[in-house]
Each structure stands twice: as structure tokens, then as C-alpha cells.
Amino acid sequence: MINKNLNIETNTLRSSGATLLCSIAAAIAALASFGVAAQPVAGPQDRNSAKTEIQSSGSGLGIQLGFNSGYRKAMLAYETPALWSHRFSGDWGRVDLGVELGVAYWDARRDDPNSMWQLSAIPILRWWPADAFYVEAGVGPTVTSRTVFAGRELGTRFQFGSYLGAGFTVQDRHRIGLRYAHYSNANIKKPNMGLDILQLTYTYRF
């Protein structure tokens, strides 16, 4: 009877977490749709200048969906304006440094414990060789709600997050990307099995 009640409570928690993320994701999508409809018409030179301004100086709200054979992840993220930016001479584009703050919900397909929350604050360096294309890399701290997830022992609740990805912009304010993410405690404490996941990312810049 106790196990049955625990299973009901666990399923309720997982359902509530997924519903919360879906609701906020829908709000972000609505905001993005409004942004597309409200964009003014501008000339090519004005558009290039505005695009750079949005990408470097603007903030961002995003949703990320990650997949692995054993687990998956949904994350909501806030992206700060660029803390540092540098434009190279010639055709080498520019680099921006910002911070991505995130809250994520992990869900295991099979092994227990089958759910976990995670908070993150990852500095990300993004290179723009062209105005509409970027390559990114980032490393920073995260905190998880468990030290064991999906049958994997993480060692500590503190985990380093390492990102490597690429993507492109659509209509200046919309950014779509593909990112590989690795989480581990850098052998601060063993066992340190870590987590690896491939993520689809969407960010609305404003």
C-alpha cells in the first residue's frame, strides 16, 4: 500500500513538472510569435545593425529539449546580454560572452530514481563567423536535486556543465541550435558517472 502511494505521488510530481515546463514553453512561443508579427520593415544596412544589436545587447528567453537513450531533459533558460563582445578584423566575424541561467527537469525512461531537477549558470562564448550562424562553447556550475539519477551515481549534487554547439538565427530575434551537453563533478567525489545529452535549443532575443 505504501509503495502504491509513493508511486502515485511520484507520478503526480512528474506530471506537475512536465505541465509547468509545457505551460511556460507555450508562453515563450506566444511571445516569439508576437515578436515576428511586430517587427518593422527596414533596409538591409539597418537590418544588419539591428541584428547585431539584438544578438549582443539583448536578453533572451529559451526552451531546450534534450534526449538520450536512457533519459530526457526539458529546460527553460534566461540569457543575459553579452558581458563582453569583440569584432575581428576582416571576415572573421565576432565573439560574444554571456551567461545562460537555467532550470531543468530530467526524466528517466527506465531506471530509478526517474526524475530530477537542476539549476545552472553557464558562461557561454559564442563565435559568429557570419551574422546568421554561430558556434558556441561553455563551462559552468550546476546543482541537481539528487546524487543518483536513472541508475547513474553522480557523486555530488554539484555538477560542472560543459556545452558545445552550433546554430543559426531566423528573422533576427529567433535562434535555433543543436547542443551537446556533458555534466560531471570533475572527479571531486567518486563515483562520477556523469550525464551526456543532445539538446535542441530555441531562444527568443529581445
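From the backbone N, Cα and C atoms, a Cβ is placed for every residue, glycine too.
TrEMBL does not curate its annotations; it predicts them automatically.
Summarising the annotation, TrEMBL assigns signal peptide to 1-38. What TrEMBL records for His182, Ser184, Asp196 is active site, charge relay system. The feature site 'Critical for activity' is assigned by TrEMBL to Asn185.
Shown here: features listed in TrEMBL, placed on the structure.
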| residue | record | Cβ contacts under 8 Å, 6 or more apart |
| --- | --- | --- |
| His182 | active site, charge relay system | Gly161, Ser162, Gly194, Leu195, Asp196 |
| Ser184 | active site, charge relay system | Leu154, Gln159, Phe160, Asn192, Met193, Gly194, Leu195 |
| Asn185 | site 'Critical for activity' | Leu154, Gly155, Thr156, Phe158, Gln159, Phe160, Asn192, Gly194 |
